[in-house]
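**Q** Quick paste from TrEMBL:
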type: DOMAIN; residues: 1-568; note: domain 'Major facilitator superfamily (MFS) profile'
type: TRANSMEM; residues: 41-62; note: transmembrane segment
type: TRANSMEM; residues: 69-90; note: transmembrane segment
type: TRANSMEM; residues: 138-163; note: transmembrane segment
type: TRANSMEM; residues: 175-203; note: transmembrane segment
type: TRANSMEM; residues: 223-247; note: transmembrane segment
type: TRANSMEM; residues: 281-300; note: transmembrane segment
type: TRANSMEM; residues: 320-341; note: transmembrane segment
type: TRANSMEM; residues: 353-373; note: transmembrane segment
type: DOMAIN; residues: 391-445; note: domain 'Kazal-like'
Amino acid sequence: QFFVFCHGLLQLSQLLVSGYLKSSISTIERRYGLSSQTSGLLASFNEVGNTLLIVFVSYLGSRVHRPRLIGCGALLVSLAGFLMALPHFLTGPYEYDHSVASTFSNTTDLCQPGAPGAGANLSAASCPPHGSRENHEVLLVMFVAQALLGIGGVPIQPFGISYIDDFASHRNSPLYLGILFSLTIVGPGVAFMLGSAMLRFYVDIDKVSSAEVQLTNKDPRWVGAWWLGFLVAASLVALCALPYFFFPREMPKEVGEVLHTHTHTHLGFPVVLLRNLRHPVYLLVVLAQVNISAMVAGLATFMGKFLERQFSLTASLANMIIGAVNIPGAMVGIVVGGAILKRFQMSLRQCSALCVLGMLLCLLTAFPLLFLGCPTQKVAGVTHWDSSGFGHHAMACNARCRCPERGFNPVCGSDGVEYTSPCSAGCSSLALRPDGSVLNYTGCSCVGAAGTARPGPCGTGCSHLFVPFVVLSCLAGILASTSHTPSFMLILRSIQPEDKSFAVGIQFMLLRVLAWMPGPVLYGSAIDTSCVLWERRCERRAACRYYNNTLFRHRYLGLQFFFEVGAF
């Protein structure tokens with residue numbers, strides 16, 4: 001029982017490390033200027049290390065000292081977690097455009113018609129010679145960390161489960177494994193809540209005093225302390241790894257039944273593989289699970305980003321919604337599916353009917369989601385051109401300002417149009433609050449009659465659709481996950497008993513290769529195609545500033561719908 005307790009904690013903290021990355025992905029994109037395709041690849045890269053080794057490890061079986069190997073794997077996971085946070089300590093503080101000259105930068109992004117080329121100093125300053133090299137180092141460290149995370153995770157689940165199954169009594173084994181399984185679902189939820197807590201702090205909380213930070217967490221330039229959660233999670237994993245070095249190689253079997261010896265015949269690997277893949281039920285159910293997994297992989301990675309953009313939420317709140325609403329919803333669905341199975345003692349045909357019904361209802365609730373949203377707010381020169389000389393090129397109203405091309409400090413004009421910086425709105429002066437933050441900008445030549453602008457984006461004006469969206473998406477998640485347990489039953493009961501563990505291994509293998517690895521990359525690429533304004537860093541395309549929200553919604557949720565239809 002102590003082993004089960006330790007293993008539960010270890011699996012939970014291991015999932016904290018991998019799940020936390022997904023919760024802070026939009027923040028890391030913004031901090032290091034990554035496209036969603038790159039961040040999607042980063043998020044799924046731990047599966048690569050994992051897949052390469054998992055076959056190997058299942059083959060080793062009980063020939064090794066399993067607890068010790070689990071401990072070593074856990075230490076590797078912990079190292080990976082610390083490595084994920086390392087880029088924060090290697091790079092300088094986060095830089096963004098200011099309106100108020102401060103201790104770190106005496107430039108301002110207001111309209112200064114007097115000085116020729118005054119605005120130009122901003123764009124020149126933003127490209128240090130070592131910028132691109134630094135970015136490569138950051139990516140390299142993170143990809144290596146993700147690969148190590150995958151490799152370290154290899155022994156944890158299979159060895160833990162087989163160790164428990166070998167030494168628990170026949171009566172208690174399902175209970176113990178059930179506890180572990182439920183923790184693997186709770187884990188990501190806790191990870192998103194951790195993300196929600198950490199992203200409330202400013203990224204450079206350890207490098208600059210709070211007085212110097214001129215951003216609030218609602219600002220589109222805000223970057224939260226993404227690295228802090230990795231330190232917390234990695235420390236937890238390291239603590240959980242310690243007891244494993246003191247468990248024996250073998251334990252006395254729990255009292256409760258007669259020992260029976262396992263005879264394990266290694267038929268030829270290819271023979272069993274072909275025999276299972278030729279089995280139509282097995283193959284079809286695995287393909288359905290591949291579709292569901294691909295959907296979940298994309299959802300888990302980019303749902304936060306989607307909520308942030310579509311409903312103008314902070315990263316912290318978006319994570320809170322996913323961790324407190326969507327993931328518990330999926331857990332409820334899994335439990336309900338299992339309960340229906342147990343209550344009605346279903347046959348295989350009824351199991352498959354339950355899966356089909358669950359997916360059909362899921363499709364019906366997920367379809368309206370495509371229409372719950374609003375277009376991108378009007379952004380001058382990006383999504384909105386008007387008659388007052390806002391051409392595609394230099395705009396007449398701010399031509400005298402000589403704005404830097406790449407300035408980004410969005411303001412919302414009193415006419416309801418958003419401008420990418422006070423300079424591009426032609427604002428020449430500002431009023432401050434007592435605490436030193438900007439109250440509003442005045443004398444803005446591009447804004448209509450009043451000529452004022454407030455700091456921050458105008459927002460999408462979609463807040464009234466937010467609650468219906470969350471309710472429907474949670475419902476769709478519950479319905480889709482009711483098919484989880486019956487589909488597993490279909491696999492376990494439709495194949496020969498001696499192939500069982502092998503078939504499950506192949507199933508996980510296929511899910512990884514066909515869904516968990518390509519899923520986030522596919523979703524990330526689809527999201528990138530809906531971008532209308534890219535940030536440039538030293539001639540390199542960096543993160544996306546503005547998306548066409550309608551396209552983003554249709555491509556992101558459309559892809560999700562496509563996989564749901566596939567599973568159905």
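Any Cβ shown, glycine's included, is placed from N, Cα and C.
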**Q** Does the transmembrane segment (223-247) make contact with the transmembrane segment (281-300) through 3 or more Cβ pairs under 8 Å, each pair 6 or more apart in sequence?
**A** no
**Q** Using a Cβ-Cβ cut-off of under 8 Å, list the residues of the same chain that are 6+ residues beyond the ends of the transmembrane segment (353-373) and lie near it.
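**A** Same-chain contacts beyond the ends: 288, 310, 333, 337, 340-341, 346, 460, 462, 465, 468-469, 472-473, 475-476, 479-483, 486-487, 490, 549-550, 553-554, 557-558, 560-561, 564-565, 567-568.
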**Q** Below 8 angstroms Cβ to Cβ, which residues of this chain, lying six or more residues outside the transmembrane segment (69-90), approach it?
**A** 7, 10, 14, 17, 21, 32, 134, 137-138, 141-142, 144-146, 148-149, 151-156, 159-160, 163, 203, 226-228, 230-231, 233-235, 237-238, 240-242, 244-245
**Q** Are there residues at least 6 beyond the ends of the transmembrane segment (320-341) whose Cβ is under 8 Å from a Cβ of it, and what are they?
**A** 23, 182, 185-186, 188-193, 195-196, 303-304, 307, 313, 351, 354, 358, 470, 473-475, 477-486, 489
**Q** Tell me, what is the mean pLDDT of the domain 'Kazal-like' (391-445)?
**A** 79
**Q** For the domain 'Kazal-like' (391-445), what are the DSSP-based totals of helix, strand and coil residues?
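**A** Counting residues by DSSP class gives 6 helix, 14 strand, 35 coil.
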